[in-house]
Amino acid sequence: MRRPMVAGNWKMHGTRASVAELIEGLCKQSLPGSVDIAVMPASLFTCQVVDGLKATSIIVGAQDAAIQAEQGALTGEVASSQLADAGCKLVLVGHSERRQLIGEQDDVLNKKFAAIQAKGLTPVLCVGETLEERKAGQTLEVVGRQLDSVIAEFGVNALVNAVIAYEPVWAIGTGLTASPQEAQEVHAAIRAQLAKENAEVAQGVRLLYGGSVKAANAVELFSMPDIDGGLIGGASLNADEFGAICRAAGN
């Protein structure tokens, strides 16, 4: 049985003071032991968050990593080796904001995926379609292509030590969300695509939903058979709301 996961992506939010306040709020939460819970602060705050949460079961991740695993001459980047040294356990790769706004392509994302795994970290591979692609009926095609890029490069077994997050771009930060049935349809298609390569891998990989998940809709979303938890954006900046989402995943 797949263990649920809830991961909070704090994006480019926070000051030292607000992060300290959020850490304090998270430490007060009653969190389910049956759920893997993670937060991903801006890299500037990684050590502050690792230290602040060390008495809890919450693990710390990163929002991005460099294309090379080791530290070196790559201005402005953070290597997976440095993230591991700071206490990170998992790293986002291919988030839609980096695909859409930074222009990261599959070849770059594949290098990041490999670098993350090379240092023993878990990549959280993000896939998802834009509103235009959804309206054109291309959702499964787009998501399948993004997934195929990694499988073609590394083989499906590389996903054994990875997590996949489906995040419809049109539902990120908009207040819109896919219905539980719409989200389940895509998650089921992802698992079916993996099953064509290896049924055991397909059954073991955790698939998270990301797209305006809140405490109010988390229970219904997480009740779907192929949704194993959530990648949480704005709601993860509120400790009480994030705690409620985590408890929903534990039910």
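Even glycines carry a Cβ here, placed using N, Cα and C.
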Exercise. For the substrate site that Swiss-Prot assigns to N9, W10, K11, S212, G233, G234, which of G33, G52, G173 is also named?
Worked result: G173
Seminar exercise, completed: If you tally other C-beta atoms within 10 angstroms for each of the recorded positions K11, H95, the top scorer is H95
Problem set entry | Chain-mates of N9, W10, K11, G173, S212, G233, G234 with C-beta within 8 Å of site centroid, substrate | I172, I232, A235, S236, L237
For this session: Specify the secondary structure state of N9 (substrate binding site) as given by DSSP, simplified to three classes.
Result: strand
Exercise. Where G233 (substrate binding site) and E167 (active site, proton acceptor) are concerned, what is their Cα separation in Å, rounded?
Worked result: 11
Exercise. Minimum Cβ neighbour count within 10 Å among the binding-site residues G173, G233, G234: which residue?
Worked result: G173
